[in-house]
Amino acid sequence: MSDLGTESNGVAAHTNTNDIRCEGYVPYAVKLVEQRPPGILGMGTANPPHTYKMDEFAKILAKPEFNGPPGAEVFVDRICKASGIKKKHTAVTADEVYAGYPNIYNFGEPSLDDRFKLFEKQGMNISIECSERALKDWGGDRSAITHLIVFSSTGMLTPAIDYRLLEALNLSPNVKHYFVSFLGCHGGVIGLRTACEIAEADPKHRVLIVCTELSSVQAQNIDPAFTRLNNIVTLTIFGDGAGAVVVGQPSKTEVPFFEMIRCKSTIIPNTSKSISVMITQHGLDANLEKDVPKNVSSSTGVFMKSLLDEFGLDFASVGWAAHPGGKPILDAIEKVCGLLPDQLENSRSVLENKGNMSSASVFFVLDEFRKKGRVAGRDWTVALGFGPGISIEGVLLRNIYH
């Protein structure tokens, strides 16, 4: 573990510049000046206006116009009750889809173009909203933003969201920008890791990361033959939301919410079919195998140990900003890793009130940590993401808060 100095303002800073916080990045030169770790300088989240209470969700899906087979309402009701979700936000309602997009609610009909049109219409609104909140939260001059990266696994358009955000947010036309599609639920943590590496390369870099997910526009209706039970699970657990963060090496006038100390990635061997998504003519077809909670929980302990050991930390000494992929996943992690109930409290809160918002979820969880302050006196948090592969991403954060 490197020596940690403390600046006059009381914010911890690294004095050993050979300590590679974002694993894999190699400095281009030895820097003789003190360099502070990259930090999360601003945060913002947004949800679309429609809200579904999950105790009503099964009844909606069982409407005759949605072609649900006999027994669908009972099955969906059971899934809803076991999901750990009380409500979630959606960009479109079932009635809107029924009234204007018949191919979407008819199972198996070609509808990908309609779904992407809905994504274009609704996705920009919450992308702009969460970005504006993050920029305001940061408080810096938006002309200082040097990089913009947008992630989404639920829609595509050209010009993409990154280009459109440059204009909508009045950012410099010279901002380096790109759009990353279909990474999956760990996209937000990959965004943090990428921003950390970019920020570490130059103290002037300011990176805006945006994750926008509208799972409702890709929701698959119930198979009339009642053979595609995965559709019902994904239809139930996924919600809509967008999150944004501003990342950079803090200047003397900036105080981060979190310092980004170390990043780590791995994959779980022989799990390539556990989480998968296919782009089809009738929309995105997601597959979640029953072994996902077992595979994730059995590998998370080893992964976390390798992330924490160097800094003398253990499972009990950090807050867990784990991706709220579902109640079975959080339950399995808590049990296998021997966590106290409060350590996953913020992940469970986001799942309960928002559902699984794919890549955007981690920003909502980190915002809960920021709002509530240190949990049980812990000074560290780990942002933890799981995605197709199965892939695991982790970022070790030192809690600063304002």
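Cβ atoms here come from the backbone N, Cα and C positions, even for glycine.
Here TrEMBL flags 40-249 as domain 'Chalcone/stilbene synthase N-terminal'.
Among the features that TrEMBL reports, active site, acyl-thioester intermediate is placed at Cys185. Under 8 Å, Cβ to Cβ, and six or more positions away along its own chain, Cys185 (active site, acyl-thioester intermediate) finds Ser153, Ile275, His323, Gly325, Asn356, Ser358, Ser359, Ser361, Gly385, Phe386, Gly387. Look at Cys185 (active site, acyl-thioester intermediate): DSSP puts it in coil.
What TrEMBL records for 263-400 is domain 'Chalcone/stilbene synthase C-terminal'. Looking at the domain 'Chalcone/stilbene synthase C-terminal' (263-400) alone, the prediction's average pLDDT is 93.
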